[in-house]
Amino acid sequence: MAKRKLVMIGNGMAGVRVIEEILKLNHDLYEITIFGNEPHPNYNRIQLSNVLQGNTTFEETIINDLSWYASNLIQLFTGETVTGIDTNKKLVISDKGREVAYDELILATGSLPFILPVPGADKEGVIGFRDIKDCEDMIQTAKQYKKAVVIGGGLLGLEAAKGLIHLGMKVDVVHLMEHLMERQLDAVASSMLKRELEEQGMNFLMEKATVELTGTDRVEGIRFKDGTETKADLVVMAAGIKPNVSLAKESGIYVNRGIVVNDFMETNIPHVYAVGECAEHREIVYGLVAPLYEQGKVLAQVLCNQKDKGYEGSITGTQLKVSGVDLFSAGEIYDDNTSKAIVVHNEYEGIYKKVLVRDDRIVGIVLYGDTKDSNRLFKMLNEKQDVSDFTSISFLQSQESSNTNDVASMPNDEVVCGCNGISKETIVNAIQEEGVTTVEQVGGCTNAGRSCGRCKPVIQDIIAYTLGDEFAQTAEKKTVCGCTTLSRDEVVEEIREKGLTTIKEVMNVLHWENEEGCSKCRPALNYFLGMIYPDYADERDSRLVNEKMHANIQKDGTYSVIPRMYGGVTTAKDLRKLADIAEKYDVQLLKITGGQRIGLYGLEKEKLPAVWEDLGMPSGYAYGKTLRTVKTCVGAQFCRFGTQDSMSLGIELEKRFERLDTPHKVKMGVSACPRNCAEAGIKDVGIVGLDGGWEIYVAGNGGTDLRAGDLLCKVKTEEEVYEITGAYLQYYRETALYLERTSTWVERVGLDHVKEVLANEKTRNELNERLNQTLARYEEPWQKAVEEEQIRNAYYSKRELLKL
Ligand SMILES: Cc1cc2nc3c(=O)[nH]c(=O)nc-3n(C[C@H](O)[C@H](O)[C@H](O)COP(=O)(O)OP(=O)(O)OC[C@H]3O[C@@H](n4cnc5c(N)ncnc54)[C@H](O)[C@@H]3O)c2cc1C
Ligand SMILES: NC(=O)c1ccc[n+]([C@@H]2O[C@H](COP(=O)([O-])OP(=O)(O)OC[C@H]3O[C@@H](n4cnc5c(N)ncnc54)[C@H](O)[C@@H]3O)[C@@H](O)[C@H]2O)c1
Ligand code: SF4
Ligand code: FES
């Protein structure tokens with residue numbers, strides 16, 4: 001039976017969770033297309049605050065990478081905005097003119113920051129805080145400017161302010177009201193918070209209404225209603241959000257504040273649903289992930305014909321992600337004449353706890369300084385438990401005890417991960433029945449910990465408590481992925497010892513939890529097998545998407561073609577050919593890359609084999625975990641400072657080691673003198689010419705984790721360079737974790753250790769022998785695609801559009 005067509009607009013947290021739930025319920029029901037106007041796969045927006053505060057990286061915020069979409073046959077259009085919906089013809093239209101028909105349509109367009117409508121709000125340097133782009137803007141601005149002003153003393157504003165302080169800026173927080181976070185905290189908790197944040201370096205301008213942003217092109221200051229002013233090089237608007245509903249509205253879908261949905265997330269138009277921050281349910285628009293995920297679960301059931309009781313609304317609990325601040329708030333915050341407050345205020349220790357009770361039920365919680373009881377109290381609030389038997393002590397005094405004792409006394413049904421609604425019992429079951437032993441694996445099985453991450457310490461305690469002695473042995477272990485409890489070294493050892501030769505066999509024999517593996521372990525296993533057996537028959541479908549396609553997928557779904565240009569040296573004939581091909585195939589962009597070659601960007605998948613055939617040049621592997629480029633300077637052939645022939649050495653290095661699978665990408669550079677024009681000092685392997693010899697540097701990195709290379713050794717001849725480089729690469733191949741760059745690998749194993757290994761001639765020879773055996777197995781992949789129809793049909797035909 002033909003699959004039904006499911007289209008989703010919005011590639012954010014709530015929407016993609018719906019897709020994950022659908023895939024769990026019925027993997028094959030839908031042909032899924034997702035439009036996301038950000039140029040990224042689905043990432044954890046919540047963690048942007050932690051990126052700013054330096055606690056995590058952008059890479060770590062990715063929830064589902066491109067290979068997840070590919071392996072689930074999801075067509076993803078990133079950087080593309082849906083601009084119209086024809087609900088009669090049942091199709092959506094994008095800003096690139098793409099029309100996609102749907103049987104079912106999900107609107108998951110999220111929110112937009114509320115930008116104050118004051119003069120000057122459109123000046124350069126005025127931003128919201130919503131996405132990676134905003135985050136990057138703040139990081140860049142902090143490198144150049146000193147003074148930031150955040151407008152809004154709510155959750156978002158305070159997290160942004162903390163991040164900007166971390167980035168080295170002076171920060172004013174402008175707040176309209178008398179108290180910070182007035183929607184979540186009462187006056188006492190709010191003033192305790194203010195004091196703490198002032199100590200952390202924030203300056204508060206309270207009860208200030210902004211009337212104008214001053215400056216010429218770029219913002220220079222803020223003027224307030226009371227006539228006062230403050231200077232600003234950067235203004236971050238964090239004064240709330242508004243549901244992103246214009247597309248729905250223009251398409252005739254009923255919108256109030258958000259897109260109005262019933263308990264099954266259905267809009268007023270048949271087959272059109274809304275979920276997440278853009279949806280309004282029973283007159284409430286939610287702005288935290290916990291309720292959005294509940295909505296997502298319900299919508300997945302509806303779309304998989306498993307309609308249950310529907311979504312009935314949520315009570316939300318909030319915490320602030322600022323280190324040194326421990327607070328929790330849920331429900332009402334002030335008592336009135338129908339409710340009573342139970343309050344503990346220990347000023348000495350900076351602890352404040354308030355529980356509001358009406359008709360023997362908890363209706364509100366405010367905790368500051370000690371939030372240990374938040375889960376327990378929040379559960380009582382949510383379940384409307386009768387609390388008439390509780391004393392104020394049993395309400396509010398958490399027992400001083402060790403963490404594992406806390407876990408022991410925790411009821412089984414206590415919710416541990418509020419974002420995902422996961423109880424202790426579910427986590428314990430995953431540990432006992434699925435054999436998981438790390439927080440990451442628990443997340444893989446249950447989703448716990450995959451959003452704001454604040455429950456991770458408790459999950460860790462539950463793992464320790466459940467595993468007992470076993471825990472100590474597994475605690476230090478970094479497993480290959482959530483499908484196994486084995487580490488990289490254990491997997492490699494088992495493959496060698498048991499003579500396992502295919503990915504399937506490894507998974508079966510080593511009792512993989514998920515028998516199909518996942519997007520993390522399949523490429524890793526493929527790599528390990530290829531590293532162990534020189535004649536290994538590569539499993540192309542297990543590779544990361546770009547390697548599988550032998551081309552780099554771009555944000556609009558097109559691909560790039562970057563042929564080899566050994567050592568960055570080309571010819572007039574090749575340049576002419578590239579120019580002709582660029583015109584013939586109408587490439588969107590022709591660009592000199594950072595690795596000294598020329599890239600053709602914006603080619604549709606179906607065109608790739610023809611382009612490669614016309615080019616007749618080898619692949620530059622610009623997409624691979626392999627040797628990318630060897631950058632060279634002109635050296636002794638032309639430069640008056642050159643002491644060595646850097647171009648010849650670079651070209652030979654590239655020819656010798658091209659196509660070699662490595663744990664991560666490898667870049668090299670060769671300069672002919674210490675002026676180092678080829679930037680060899682920030683390469684995985686950098687060679688610098690001296691009078692009568694060469695210096696070999698290793699473990700440099702010019703990317704996000706900038707690192708200068710370490711001097712490995714000095715040699716006299718080119719032959720020695722090849723020998724040392726070969727042995728070094730093979731040792732890296734054999735001992736690094738999959739996806740570990742040489743820079744982190746060397747730091748982990750130690751430069752002295754690597755030097756010691758390579759100093760031994762016998763070891764060097766053995767390493768080079770194994771390397772050469774492996775190198776012998778490689779074929780030119782583009783040529784193969786040109787020659788073999790089966791490959792073209794499998795990977796580059798239109799029919800296979802969804803398989804990426
Ligand atoms: C810095 C920050 C910190 C946060 N911290 C927390 C926290 O600690 N706890 C918590 O629970 N929540 C937190 N939140 C809120 C949480 O991130 C959101 O509730 C959640 O991301 C909303 O999910 P969503 O899918 O509805 O919207 P989004 O994640 O915003 O996704 C919507 C996506 O749709 C795209 N889109 C919109 N229109 C179109 C179109 N026409 N065509 C194509 N694509 C379109 C948007 O670009 C966006 O990528 C935080 C938010 C921010 C910004
Ligand atoms: N830790 C978390 O859970 C977390 C973190 C960040 C963001 N978020 C979510 O992101 C969304 C946006 O957060 P937010 O803090 O912008 O929204 P918010 O509505 O919670 O807070 C906005 C704050 O700005 C203040 N404000 C409004 N107008 C102002 C003005 N003109 N001048 C100065 N202050 C003004 C308000 O008084 C309010 O305190 C919310 O849904 C929030 O729940 C959550
Ligand atoms: S590194 Fe030295 S030899 Fe090479 S181009 Fe620069 S100055 Fe000339
Ligand atoms: S509480 Fe947010 S991820 Fe668990």
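In case you wondered, yes, glycine gets a Cβ from its N, Cα and C as well.
Now, the feature entries from TrEMBL:
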- 5-281: domain 'FAD/NAD(P)-binding' (DOMAIN)
- 318-384: domain 'NADH-rubredoxin oxidoreductase C-terminal' (DOMAIN)
- 415-464: domain 'BFD-like [2Fe-2S]-binding' (DOMAIN)
- 480-529: domain 'BFD-like [2Fe-2S]-binding' (DOMAIN)
- 554-615: domain 'Nitrite/Sulfite reductase ferredoxin-like' (DOMAIN)
- 624-761: domain 'Nitrite/sulphite reductase 4Fe-4S' (DOMAIN)
- CYS633, CYS639, CYS673, CYS677: [4Fe-4S] cluster binding site (BINDING)
- CYS677: siroheme binding site (BINDING)
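According to its DSSP assignment, CYS633 ([4Fe-4S] cluster binding site) is coil. Ranking the binding-site residues CYS633, CYS639, CYS673 by how many Cβ atoms sit within 10 Å of each one's Cβ puts CYS633 at the top. Ranked by number of Cβ pairs under 8 Å to the domain 'FAD/NAD(P)-binding' (5-281), the listed stretches 318-384, 415-464, 554-615, 624-761 are led by 318-384. The stretch in closest packing with the domain 'BFD-like [2Fe-2S]-binding' (415-464), judged by the count of Cβ pairs under 8 Å and taken from 318-384, 480-529, 554-615, 624-761, is 480-529. Sitting within 8 Å of the Cβ centre of CYS633, CYS639, CYS673, CYS677, and not among those site residues for [4Fe-4S] cluster, are the Cβ atoms of VAL634, GLY635, PHE641, GLY642, SER646, SER671, ALA672, ARG675, ASN676, ALA678.
Residues within less than 8 Å, Cβ to Cβ, of CYS677 ([4Fe-4S] cluster binding site) and separated from it by at least 6 positions along the same chain comprise CYS633, VAL634, SER671. Remark: secondary structure over the domain 'NADH-rubredoxin oxidoreductase C-terminal' (318-384) totals 9 helix, 29 strand, 29 coil, with classes taken from DSSP.
Sorting each residue of the domain 'BFD-like [2Fe-2S]-binding' (415-464) by its DSSP state yields 28 helix, 5 strand, 17 coil.
Note on the domain 'NADH-rubredoxin oxidoreductase C-terminal' (318-384): mean pLDDT across this stretch is 90. Broken down with DSSP, the domain 'Nitrite/Sulfite reductase ferredoxin-like' (554-615) shows 27 helix, 14 strand, 21 coil. Under the DSSP three-state reduction, CYS639 ([4Fe-4S] cluster binding site) is assigned to coil, being neither helix nor strand.
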